[in-house]
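Asker: Features from TrEMBL:
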TRANSMEM  21-42  transmembrane segment
DOMAIN    26-445  domain 'Major facilitator superfamily (MFS) profile'
TRANSMEM  62-83  transmembrane segment
TRANSMEM  95-115  transmembrane segment
TRANSMEM  121-139  transmembrane segment
TRANSMEM  151-171  transmembrane segment
TRANSMEM  177-195  transmembrane segment
TRANSMEM  255-272  transmembrane segment
TRANSMEM  292-314  transmembrane segment
TRANSMEM  321-342  transmembrane segment
TRANSMEM  354-380  transmembrane segment
TRANSMEM  392-415  transmembrane segment
TRANSMEM  421-441  transmembrane segment
Amino acid sequence: MEEQLLSSKGNKFPVGTSCSTSVVLSTCVVMCGSLAYGFAVGYTSPVQSGIMADLELSIAEYSTFGAILTLGGTIGALVSGTIADMVGRKVTMWIMDLCFILGWLSIIFAKSVWWLDIGRFLMGIGAGLLLYVAPIYIAEIAPKSIRGGCTAAFAFMVYFGFSLMFLIGNILPWRTLAIVGIIPSLVQLIGIFFIPESPRWLAKIGLDKEIEASLQYLRGKNVDISLETAEIKDNVESLTMLSGSRYLDMFDRRYAHSLIVGLGIMILLQSGGTDAISSFASSIFIKAGCSASFATTTMGFIQLPFAAMGIFLLDATGRRPVLMVASAGTCLGNFVVGVGFLCKDYDQLSQFSATFVLVGILVFAIFFSMGVGGAATTIVSEIFPMNIKGSAGSLAIVCNWFTSWIVTYAFNFLFEWSPSGVFFMFTFFSGLMILFVAKIVPETKGRTLEEIQASLTLLN
């Protein structure tokens, strides 16, 4: 079979592989980044006792170590859209990988809390870049019929990495576990050489020949890409003439709907407690009287099949129903955990506390992995037009990280004050997500990115 070679800013890739193979290969490379992020999020829970003992850390110091990932993520998110628009999606992923690798090395060789904090902060910057560029890249390369599943696969690998850290974290020392954490970033660093640049980013910077070659590679050698190419070019050109690409354009009234949807989903996602529960699951189970190793191992195992189910649900049933049902499940899970901790205050009910907390956390983990994370990420990657995608997408991820930082840093202090109260707060915000989706969030299943963005813009 003959191969053509495209050179785009020095990067070459073959044209002629089938659509499914090309998209799957590109998605798998991006999924290495989500695996790295899952490792980073899941790392702090199983190693808490080991690190605190070896480096003699206080609760406040370890809380800072756990939460500083989100502070780095906020900074990474602030610049993610600008970097991705300037140098492209692929180069942004290279920068992201370097942040993860340097961060893990700092933790591996840490002799004090400062090295831990610096390493986790660097990983946070990488994660901030990842959560913008990876879903955007997948949404921009995947056909509309499988776009939801491809983006959900990205979320699945986050849960897989998180679960794997929980499973092997009960066996390996914390420095060895950090060595394992480097592996996905090294794999992705190499794999990026073998995937194409996003055709929509190429259209934005005016590289017409490269757009066609990238699409041909992604859709297949014998597929007619003329209509899709024309649609992408026309959409980018019309948006550029409409308002240019200034940062403040995202606050124009015509984009109000998409901006409210993107920011609202990201804020409510973190306000429901996901990162706090992920980062401090062991201490939650210990407080309830559960075996931390058994509970975290069970949590790790149970998430994976439901996360895999979410890959198919998004394209089969749509984003809105999956997000609403899954949010109802996380709401129920948080409520059961709150009731479990409330039982500890009553002698006749205290025997049920551990069971309620374990069941509640598992319910939360099942529904979050099945739909909340994947559906939220998919919707936010689809709704912003190309001319504001960098600025609006970055702002949405900043909101995600900043909310996560507040919740994660405050969690241990609030948890000491009132374990049940914290989870009832999480219950409230999970319930609010259901109402928000029902009233404001549009369905994006089965529509091209251009159709979605045009409909949202016309609503204003």
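Heads up, the Cβ atoms here are built off N, Cα and C, so glycines get one too.
Where in this structure would I find these features, and how exposed are they?
Answerer: Tertiary neighbourhood of the transmembrane segment (21-42): same-chain residues 69, 93, 96-97, 100, 103, 120, 123-124, 126-127, 130-131, 134, 137-138, 141-143, 146, 150, 153-166, 169, 180-181, 184-185, 187-188, 191-192, 194-196, 217-220, 275, 278-279, selected by CB-CB distance under 8 Å and a gap of 6+ residues from either end.
Sequence-distant contacts of the transmembrane segment (121-139) (same chain, at least 6 residues past either end, Cβ-Cβ under 8 Å): 26-27, 30, 33-34, 36-37, 40, 68-81, 83-84, 89, 92-93, 95-100, 102-104, 106, 147, 150-151, 154, 185, 198, 377-378, 380-382, 389, 393-394, 397-398, 400-401, 449.
Below 8 angstroms of C-beta separation, residues 249, 327, 330-331, 334, 368, 372-373, 376, 379-380, 383-385, 388, 392-393, 395-397, 399-400, 403-404, 407, 426, 429-430, 432-433, 436-437, 440-442, 453, 456-457, 459-460 of the same chain, each at least six residues beyond the ends of the transmembrane segment (255-272), sit close to that stretch.
Beyond the transmembrane segment (292-314), the same-chain residues lying 6 or more positions past its ends with a Cβ under 8 Å from any Cβ of the stretch are 45-46, 148-149, 151-153, 155-156, 159-160, 162-167, 169-170, 281-283, 285-286, 322, 326, 358, 361-362, 365-367, 369-371, 374-375, 378, 445.
Below 8 angstroms of C-beta separation, residues 257, 260-261, 264-265, 268-269, 271-273, 276, 319-320, 323-324, 327-328, 330-331, 334-335, 337-338, 341, 360, 372, 379, 411, 414-415 of the same chain, each at least six residues beyond the ends of the transmembrane segment (421-441), sit close to that stretch.
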Asker: At a threshold of under 8 Å on Cβ distances, which of 62-83, 151-171, 392-415 pairs most often with the transmembrane segment (177-195)?
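Answerer: By Cβ pairs under 8 Å, 151-171 leads among 62-83, 151-171, 392-415.
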Asker: I'd like to know if the transmembrane segment (62-83) touches the transmembrane segment (392-415) in this structure, counting it as a touch only when three or more C-beta pairs sit under 8 Å and are separated by 6 or more positions.
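Answerer: When sequence-distant Cβ pairs are counted, the transmembrane segment (62-83) touches the transmembrane segment (392-415), since at least 3 lie under 8 Å.
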Asker: Before we move on, state whether the transmembrane segment (354-380) and the transmembrane segment (151-171) share at least 3 Cβ pairs under 8 Å, counting only pairs 6 or more apart in sequence.
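Answerer: These two stretches do touch.
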Asker: Which residues of the chain, 6 or more past the ends of the transmembrane segment (321-342), have a CB below 8 A from one of its CBs?
Answerer: 272-274, 284, 287-288, 310, 313-314, 352-357, 359-368, 370-372, 374-376, 379, 419-424, 426-427, 430-431, 433-434, 437-438, 441
